[in-house]
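Student: Below is the structure I would like to discuss, written out as structure tokens.
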Amino acid sequence: MPGRDAVSILRMSCSCSGLWFIIWNSDEVNHVSMMSTLHTVCLTLLTSGAIGTMEMVSSTAMCGFIYALSSAQPLTIIGSTGPVLAFVATLVQFANKANLPFLPLYAWTGIWTSGILLASSVTSASNLVKYLTRFTDEIFSCLISFIFVIEAAQNIGKSFSSTFTKGLLTLTVAVTTYTTATVLRGLRNTVYFTKGIRKNVSNFGPTLGVVAGALVARWAKLSQGAEAALPALAIPQTFATTSGRPWLVPLADLPVWARWGAFFPALMATVLLFLDQNITVRLVNNPQYKMQKGRRKNSMLDGMHADLLVISGLTFVTSLLGLPWLVAATVRSISHVRALSVFTESGKLKSTIEQRITGLSIHGLIGACVLFDKPRSVLTTIPTPVLMGLFMFLGTSALPGNEMWERVKELFKDAAVAPKERWSAVPRKITKLFTAIQILCLAAMVYVKESPIGVLFPVVIALLAPLRFGLEKIGIIKTEYMEVLDED
């Protein structure tokens with residue numbers, strides 16, 4: 001169906017770029033633009049503007065274009081991810097405590113990380129991904145949701161440190177955005193209006209949430225004056241870094257001992273980038289999408305080593321320029337694949353449109369936000385409390401369907417009347433034990449992340465796979481039960 005293919009490609013190109021916020025009528029695509037913008041705000045706050053809006057837009061446009069052109073699996077979308085942002089936050093804290101300049105430390109860490117990723121690529125280390133299972137994926141997904149919600153709550157809380165009125169307005173705008181997006185997103189599961197109206201309003205739910213929050217902020221400013229003005233995205237009027245610093249990071253500003261010492265946090269960064277990249281590409285290569293590019297029949301590993309090589313090169317360049325490290329982003333990549341899926345009349349997935357046009361177009365249009373004045377000026381009108389509301393929305397909307405979250409809720413349900421789940425054949429005490437172990441793993445990651453040794457929290461993630469097999473090997477959870485609870 002060539003016409004269907006052309007329309008799908010055009011829709012995806014326009015919607016994913018969105019000039020960061022112009023959203024097409026696809027619920028999955030909404031995440032591409034929104035999550036990029038949210039990560040921009042988060043990075044700006046974490047690094048005090050050293051890595052800000054202009055850096056994120058530039059990095060996304062440049063790296064995304066190169067990756068779409070050269071990767072083995074071009075349907076993968078790269079971007080900044082929650083765990084990587086969490087690592088950057090711990091690196092900022094470490095730099096402050098050690099009295100070291102952040103950007104040079106960030107750059108040297110990235111240079112070392114690039115080298116380790118290069119070694120991983122040429123030694124086919126991506127084959128280790130086959131040992132990762134649902135156990136790890138669920139905890140990793142919950143960590144991302146936790147980061148989104150907590151970051152939003154913390155930033156809203158900080159707004160009360162200025163004035164109570166400003167804090168209350170910030171909370172109102174964020175809650176308006178979150179509530180509108182959540183209610184409208186859930187409209188598709190109701191019986192109100194027609195099916196077409198429900199679908200379209202639900203698809204535009206997050207976008208309408210942004211509009212509602214922005215209108216509340218605008219009304220407050222018009223009625224109360226400058227005192228009610230809320231902070232917005234900071235973007236230079238010309239093509240320059242957000243803070244006005246030079247594009248090249250002064251590598252020599254970091255002491256020699258710290259340049260060598262950056263190897264150790266680089267090991268942690270490598271774990272994150274390696275896991276994010278390979279887990280996402282494995283999901284994209286899943287046989288259910290019936291693709292050929294990047295994998296052979298019955299193989300989900302082909303192309304991973306080549307893609308890791310591309311990420312290694314991009315990490316080196318972005319580190320030198322002080323730009324965000326980008327890696328395969330799970331939600332955006334799966335959204336991209338789903339938007340290009342072709343279904344039969346009965347609703348069964350028939351094939352996926354495999355091409356590089358959408359990836360190139362998406363990131364080329366995002367680059368327009370860097371090169372042209374009008375997109376930059378529009379971005380500066382978005383209040384940051386609106387994005388905090390979206391932080392909460394994206395964090396909570398990612399939980400339904402995560403079986404770890406569903407089992408956590410099951411702990412508080414009456415088993416006599418609750419509907420049967422996929423794992424209902426497993427004894428309830430075993431299910432509770434499995435869920436408790438996952439919760440403890442999540443708590444351990446959060447605890448280490450917030451501790452003085454926060455740069456080591458990727459180690460906890462790396463230990464999830466051997467822990468899962470250890471539970472089965474030692475006999476804490478029998479194989480027949482593990483096969484059900486951890487079924488892919």
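Every residue gets a Cβ built from N, Cα and C, even glycine.
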Student: Looking at the ranges 106-127, 238-259, which is given as transmembrane segment in TrEMBL?
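Tutor: Here TrEMBL associates transmembrane segment with the stretch 106-127.
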Student: Determine how many residues of the domain 'Bicarbonate transporter-like transmembrane' (45-162) DSSP places in helix, in strand and in coil.
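Tutor: Going by DSSP assignments, the domain 'Bicarbonate transporter-like transmembrane' (45-162) contains 92 helix, 2 strand, 24 coil.
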Student: Can you tell me which recorded stretch out of 106-127, 168-188, 262-285, 382-399, 453-471 has the most Cβ pairs within less than 8 Å of the transmembrane segment (139-156)?
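Tutor: Comparing 106-127, 168-188, 262-285, 382-399, 453-471: 382-399 has the most Cβ pairs near the transmembrane segment (139-156).
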Student: Is the transmembrane segment (262-285) close to the transmembrane segment (453-471), in the sense of at least 3 CB pairs under 8 angstroms with a sequence gap of 6 or more?
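Tutor: These two stretches do touch.
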Student: For the transmembrane segment (200-220), which partner among 168-188, 262-285, 382-399, 430-447 gives the most CB pairs under 8 Å?
Tutor: 168-188
Student: Does the transmembrane segment (168-188) make contact with the transmembrane segment (382-399) through 3 or more Cβ pairs under 8 Å, each pair 6 or more apart in sequence?
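Tutor: They do touch: at least three Cβ pairs between the two stretches lie under 8 Å.
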